[in-house]
C-alpha cells in the first residue's frame, strides 16, 4: 500500500531516544510499546556492551515491521565498530520449528548498537520486534582476520594470550615474539658471529645487538663472504626493512641488506670496539648472515723523526713494537737540558709513538769558550757543522802551534774540534823579543842616553832594592840571584819609562808567587865583599799573568845552537835605571849598546872596592864580559837583560844572552850571567812550577 502525500501535512509526534547501560552478560531489547503497535516517526538507540573478552550474540524472537525496499521506511539496524552488521524490516518467522529465533547475529566484539527507526505513518498496525542478547566467548585466535599473535595464540573464555617458541621472548606489547640476541660481548682476538638460527630463517621483529671489545691497540677487522649474507631486500625506495649495521666510534658501515653482501668484504674499523646491530621487521625472514672478525694490531707511522736510524728496521710497525731510534752523526734528541744520541719509542694503543715529542735535531756545540789573549769570531750559528775561527791579539800574542790553525768545527759529539788539536783550545802566547820601537842610539848606559820602555818592553823594575829583571813569560821574570836573595816578595813593575810613583801607579804591578834561586848560587855573602857571582840567576813566578802590549812584552830565551853562543864583538842592548856618572838615582829609563868582549878584559879591570882583592874574584864559563871604556852598566841595573839579536831573523828580535851580574868598576867592563848555560834549568823549573798559586 503506497504512502499518501497528504500525510506529510499531519505531524502527530516525533521521538528520538538512546539507551546505554553498564556491561552485562545478557539482556532484552523490545521495540517501543511492544507488543502493541510502535509509534510513528520515532528513533531509538540501544548501546549494548558485554565484558571485555566476549562477543555479543543478538537474536530476534519476533519481527513485525513495515516492509520497504532496503528497509527504507521502518527498520531496526545493527552496528558494530562503525560497521553495519544488518538492517531488518518486514515480518519474519522461525525456520526451525523447535526454535523461536527468527533472526540471529554473532558479533566478535563486545560492543554494538541497535537502532530502531519508524517513519511518519504506517497504513497497517505493526507490533515491532523482540530481541535478546547474550555474552558469548570469542576465539580471538581464529575469529579475526588480523592474527593477534606473532607466533602462538591461546584462547580462553573471555580472552586470549600469546606465547612464543623456545629461545624467544614476548615483547611488551604482549603479542609479538622476539629473540634474546642482544648483550653478547666478544673479547677474543678472533671469532665468528651469525644471525639467530643461521642458516635457518632469522626471527622477525627482533633487534639483535652484539659488541666486539678488544684490547686497546688492536682494531677490529670484519670479513664477510657474499654468499654468507641473505637479508630481506630493500623496498622500492631503497630502504632496508631488515638490516645489518656496524658502528665503530665515529664511523658507521651500513645498513646492509639484500641477497649477497653489498658492502666491502673486509672492513677495517680503526677501532678496538665495534657495535653490530641486526634489526628485522614482521615480514619475510631470510637465512641471515655469518661473519668472521679478528684483531689487527693498530699500526704506527714508520717515521716520527727525520735524521734518524731505526732498529729493528721493519716494513710495518704495529701496537707494542719497540724501536731504538738513533740520531745520525751530528744530531741528538734533547729533553730538557739533556741530550742523547738515541732513545726508545713504543707503538701505543692509539696508533701514536711514545716519545714522539723528541726530535733528532742538530747538535748544538754552544757558545765557544773564550781564550786568554785572543778572540773567537761570532759564528752565524753553533750547530753541527758550523765553523769558528780563533785568533790572537796581534802583534803582542801569537797562536802556539799556529800550523794547526785556529779553525774549529762543531763536531757530532757536541764539541768544537780542531783537526789537529781536537777539543784542546788554542793558546795565545806572548810574542817575545820584539820591541815596539827600535833602540837606535848608540850610547853608553853609564851616563847614557834616555830610552823609551817601548824599546825595552821586557824591562822589569825592582823597586827595593833598586834593580832590574827580564820578563820571559806571562808568569815569569828572570833576574840575578843576588837581586832577590833574602827577598821573597820583591815589588816589581812593568810598562813604564819613568819610575816616579805617580807613573808607576798607572802601570802593571807584578805580584810575586814564588822566588826560585839557582841551586848553584852560593848564598849568604855580603855583596860588598862577595867575589863569587857564579850561577847568579833566579826566577820569580808571578801570581797573575802579565798582560802584554806595546810597553810590555817578554824577551826570548836563547836557543841551543852554537849561533846563540855570544862572540867577541857582538853588540847587545842593555837598559835600566842604574847609577850614572852624574846621578846616583835615575828616574827615566836609559839604554845603550855594548859589545861582547873576552873575560880577560874583565879580569884586568882595576878593583875599586877596598874590601875585596882582585885576585879573589871568580870567573867561570857561566859569565859573559861586555862593555868598553865608558860604556857599562852599574848599580841599579843588576838583573837586567843583556839582549842580543836573534840570529837569522830579518826583523829585529832579541833574546836574553846575559843578566847584569857584577863589575869591578862602573863605566868599564861588566860581567853578565850567561843565560844559554841555564836554558835547561829555566825550562825545567818553569815546567815543574807551571801552575801559579791562586791564593
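Glycine is treated like the rest: Cβ placed from N, Cα and C.
Copied over from Swiss-Prot:
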| type | residues | note |
| --- | --- | --- |
| ACT_SITE | 482 | active site, charge relay system |
| ACT_SITE | 536 | active site, charge relay system |
| ACT_SITE | 638 | active site, charge relay system |
| DISULFID | 71-89 | disulfide bond |
| DISULFID | 141-153 | disulfide bond |
| DISULFID | 149-162 | disulfide bond |
| DISULFID | 164-177 | disulfide bond |
| DISULFID | 181-208 | disulfide bond |
| DISULFID | 240-257 | disulfide bond |
| DISULFID | 300-347 | disulfide bond |
| DISULFID | 327-360 | disulfide bond |
| DISULFID | 365-410 | disulfide bond |
| DISULFID | 392-428 | disulfide bond |
| DISULFID | 602-625 | disulfide bond |
| DISULFID | 634-666 | disulfide bond |
| DOMAIN | 22-136 | domain 'CUB 1' |
| DOMAIN | 137-178 | domain 'EGF-like' |
| DOMAIN | 181-296 | domain 'CUB 2' |
| DOMAIN | 298-362 | domain 'Sushi 1' |
| DOMAIN | 363-430 | domain 'Sushi 2' |
| DOMAIN | 445-687 | domain 'Peptidase S1' |
| CARBOHYD | 180 | N-linked glycosylation site |
| CARBOHYD | 413 | N-linked glycosylation site |
| MOD_RES | 155 | (3R)-3-hydroxyasparagine |
| SIGNAL | 1-21 | signal peptide |
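Rounded to the nearest whole angstrom, the C-alpha distance between residue 536 (active site, charge relay system) and residue 327 (disulfide bond) is 64.
Taking only the Cα positions, the spacing between residue 360 (disulfide bond) and residue 164 (disulfide bond) is 69 angstrom. Residues 51-55, 108-109, 196, 203-207, 282 of the same chain, all 6+ positions outside the domain 'EGF-like' (137-178), place their C-beta atoms under 8 angstroms from a C-beta of that stretch.
If you look at the domain 'Sushi 2' (363-430) against the domain 'Peptidase S1' (445-687), you find at least three C-beta pairs under 8 angstroms, all six or more positions apart, and that counts as contact.
For the domain 'Sushi 2' (363-430), the model's pLDDT averages out at 91. Fewest Cβ neighbours within 10 Å among the disulfide-bonded residues 153, 257, 300: this applies to 153. Residue 181 (disulfide bond) sits 20 Å from residue 149 (disulfide bond), taking the CA atoms of both as reference points. According to DSSP, residue 536 (active site, charge relay system) sits in a coil region rather than a helix or strand.
A distance of 183 Å separates the Cα atom of residue 89 (disulfide bond) from that of residue 602 (disulfide bond).
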